[in-house]
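Shown next, in structure tokens, is the structure this report addresses.
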Amino acid sequence: MSPRELSGIAISGATDSLAAGQVSNPAVQGARPDEAKLRSLIGGRLILADGSTGTALEALASDAASGGRIPLLPLERPDVVETLHEAYFRAGCDLVETATFSASARDLARFASKDEGGAEGLSEAVNKAAAAAARRAADKASAIDKRIRLVAGSIGPGDAPPSLGTSTYGELFLSYLPQAKGLTEGGADLAIVETCQDPLQIKAVIAALRSQQGGRGLPFIVSATVDARGRMLAGTDIAAFVAIVSPFRPLALGLNCSGGPDELEEPLKELASLSPFPVCFMPNAGLPCTEDGCVSYPFGPELFAEKVESLARRFGVAIVGGCCGSGPGHMAALSARLSDRPNVPKRPPLRPALASLSEAKFIGPGLFRIGERANSAGSAAFAALLDAEDFEGMAEKALKQESSGAEALDLHVSRPGRDEAKDLERLVALLAPRARAALCLDSGDPEVLARVLPSVGGRPIINSASLEDPAKARRVFGLAAEFGAAVICLAMDGAGPARILEDKIRVCRRLYEMATGEFGLPPQSLLFDPLTFTVAAGGDASTTINAISAIKKACPGSLTVLGIGNVSYGLPKSARPAVTALFLDAAVRAGLDAAIMDTAGTPAPESIAPELREAAEQALGIAGRDWSIGCRRGGSHGGSRPAGDDSSRRDAVDPLGPLLAWAEARSGKNTEAGAKSPGAALLAGTKTPDSEAADPTAALSAAVLRGDTAGAEKAGQKLGETGGPEKLAAAVTAAMAESGRLWNEGTISLPLVLRSAEAARRALAPLASDAAKTAKGSIVMATVKGDLHDIGKNIVSAILACSGWRVVDLGTDVSASAIVEASHSQGALAVGLSGLLTRSLVEMKTVCEALETAGSECLVLCGGAAVDPAFVTREIEPKHPGLVRACADAFGAAAALNDFLENGARLRTPADRTSADRAHSFGPVGGGRKSTGTPILPKASPAFEPPFLGSSPPLAIPFSELLPLVDQRALFASRWNYRRGDWEEAQRHLGILLPEAERLSTPAGVYGYFRCRRAGERTVSIEVPGGRSFDLPFPVEAGGHHRTLAAHFSSAGDAIAFFAVTTGPEIARAALALQARGKLESYWRLHGLGSSLAEAAAQWMHERIARELSACGAGGRGRRYSFGFPACPGTKYQNTLLELLGAHRIGIRATTGHQLVPEHSVTAFIIARPDTVYFEA
């Protein structure tokens, strides 16, 4: 097409059209439109767009075309570009596209010069000039007839589809940024992201557009190009294209290029049937052909106009134009045929959907199934594959779920000691191009999601957001908006999981308002999870089911989801599938939209045997109910009840009894009275459910031993009514004594002991108002002055309270005078003292002296990590003779108390102490007499120059970097008291708890290097900024070695590194909140994990310092020591260290007793010598 031919066609067409009195779009008039006006225009009456820009410009600027510089025409020949736009406007077009199809920074890199801003600067300049040229042409046309003409900034796909591995989302985003800026500043009204071949490229362009004007960048149309199969180059079909792009709310969705009207008819038909947005259609002028080496298109203006008009009217197209081979003449002919500019029909509503890269997965009608087996916390096999780094095996395991009906794949790879983001990236890289199911990205770390989402071309779902940490929720919603993802929203806030219906609704409504109001997420993008609680621990399934419809009403347009497997956790393996299936069936009838589930292992409800079905429904509390929306039924499973009525559950002595009996009958085990196996212990000597129901004492004992809080409460009520308060208290005490016996034998683990304590507390609830009459006596519990640790004290308090004692807990950091006063005012029989620190033993001695001075006859129980029985016997007991005992645990305390009750006043007097007692006496804690020998000085290492002097700025410690440093052995065995055979269960609980811990943690640290020197044999003098110094005296090891840490420092001058780290105060606060609610097991686990994370933070800081020490030639990574522990000076130096480092900047302080606050904090110093060792001084 020559320039002359182009001008002639354009002028001729325009003259004919205007002479006939035709107009573009009567609605397109007035001032330049904002986004709302654009949506109104495009959804009102048909808009005529222009035809080809590239082929037309090649004809108009043959010199530039032959030189390959067509993309630079807006800068080099803006007059030619403007002439083309004017020709299209004269042809009757309402909208023209800028000459920027290949004007991203990546596209223009071959023309760029570093001296002129590089590719980025050139891209911005070209796009700005192109938009300005189109704007001038539009304004000229509007000045003639006062109608608005629209300028659409054209953005092409480039030549490197990221889903095919030739580029990345991030690279494309940066490439499109200057293009988006130039089009915006040049005066474009909107953008058209056209000829799209890859959804990831679309997302990158949209992100670049939205980055402009404070997040209010140009509104946009997205137009795909498809092959003969109706798929984009990346394999994406029309339905998936709609599902992926719709969450971004484009002005329109369209098709262009790749074929003429005939070839695109079927894809256009499908797009028109699915798109909730106006449809845009810009075909080529037929399929190209070659004659004499020249490419031409077969459809002339009239034939093109005839075919396009027919399709536009038939499918309700809103924007119609042309692509390759079409020019102003084609548009003039089309304008004449569409002179009435027909009204655009109403679009179909948006169907909620996720998508893989290739297929859409619509949510509803029917249940949407999310496969749960690719989860390292829930599948031991999947976790093993992850530990073995068998990512192909992991991908195959995930994909296998598709054959059993999984429409999305939940992917969870968080595992201690591993890089979660890296692992999830590797797994997604394998699954994204292969999976037909959508991906569910399951991570509690928004930053992990931020790294992985750029590699997901489909439309994923994020699992999850909650109000536990509103900042994290906002980060998740922001990511969902940026990448077009759906979000699972948990009914959980700072108080924990919402359990009552009103709280579930309240939390979900707040999340709904945040997501839709602050981030513009469509309601269909939100799937609310009311949360499922295991019925084995008294979880209320009916409340969860009731919440489904209530949440939908409170959050219009949203969806619901449940992780259904949780409901049966802890039940016998043989019963779990039935309980899960019946719960799912009830939830679906109530309107559940999606479930995270074992898609292959959930049986059909009708296949469940009647006896098992009845027992499972009783356990769930759903017997006799129809949860179908809008109706209730009576029937074979009981009488009709309203959905919120729990009378069937209240009437049962033990909702789990029939189910456990069914499972026990099939286990082949014979539970004899007094049996000591774990399975027998759960039934506590009962033989059948009938005998248990007939004997309320046996029922209560069984419920307490299996940790069944609901069952214990029911049985306790019945026993209290039939046997009175004394019998109830005695039965609970006996059950807890049996729990202690099983614990001491190693038959059960501490978690089950804690569950039993919770169940016992519930059973004793009826006696709360009359506890003084039923209690054995009162015991005052306290953590001594200067010590803030109370995890052990709280567990002991709970178990003693459930063993028949009235416990008065004074808390932590309690002075001796307060303990004495409380013991008197409360009429205490005993005082329990707890302490973690070695110096707490001194404070225990002070308390005993004060009690003796006051004439108290209270028994004193000393417990805690620092308590050495020999020290208690030698140093503390003489201060309160015959009335002091060291106790290893709660059951030891209970035994000492019972012994005290039976024997009366003082157990022994000083004169009663035997030579055997004295044989256990020895010197200061840690062994031996005080050393008077001369310390042995090691050969000093060469002095080194520290990397800097003074304190560093505060450092934020990434939570993901702490996980590999958590000592799981110490956590499981020491802090959680799991036996080795139970570590798999501990691992599972850790996986569940880590997201919560991450939400609560704010890991931070500060460190510094300070000059020092050894001053004498046992003292190190530390130089402080400002010319001051302070001395650290180190003790000398008793025995033959006579070691002291001071010996590792040079008297001529040296350096020492100090640091302080913390995980913040929130873990301890959350743990205390759990304790206050009686959730002892959860409290104990969270507190223990907090301590392990603090130790991991200390290790993280040590590694950082070690790298710096190595770099400056210190001779080794050094060894870490903390105040208050063997070989180190007392904790009184904590305050000096904190002041030296400016630790207040990360929120750490010390109490008057030199205890660190927050509790989960660590301070230490590092001696940079390779020959240092740990020893007790």
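Placed from the backbone N, Cα and C atoms, the Cβ positions cover glycine too.
It should be emphasised that the depicted structure is a prediction, and the values quoted were computed from it without experimental measurement.
For the Zn(2+) site that TrEMBL gives as Cys323, Cys324, the extra residue drawn from Cys196, Cys257, Cys440, Cys489 is Cys257. Counting other Cβ atoms within 10 Å of each Cβ, the binding-site residues Cys257, Cys323, Cys324 show the lowest value at Cys257. Across the residues of the domain 'Pterin-binding' (367-621), the predicted structure has a mean pLDDT of 93. The domain 'AdoMet activation' (1054-1177) makes no contact with the domain 'Hcy-binding' (35-338), as judged by fewer than three Cβ pairs under 8 Å among residues 6 or more apart in sequence. Other residues of the same chain near the Zn(2+) site, with their Cβ within 8 Å of the Cβ centroid of Cys257, Cys323, Cys324, are Ser52, Thr195, Thr225, Asn256, Ser258, Met282, Pro283, Asn284, Gly322, Gly325, Ser326.
In terms of DSSP secondary structure, the domain 'AdoMet activation' (1054-1177) contains 58 helix, 23 strand, 43 coil.
Applying DSSP to the domain 'B12-binding' (776-908) sorts its residues as follows: 60 helix, 25 strand, 48 coil.
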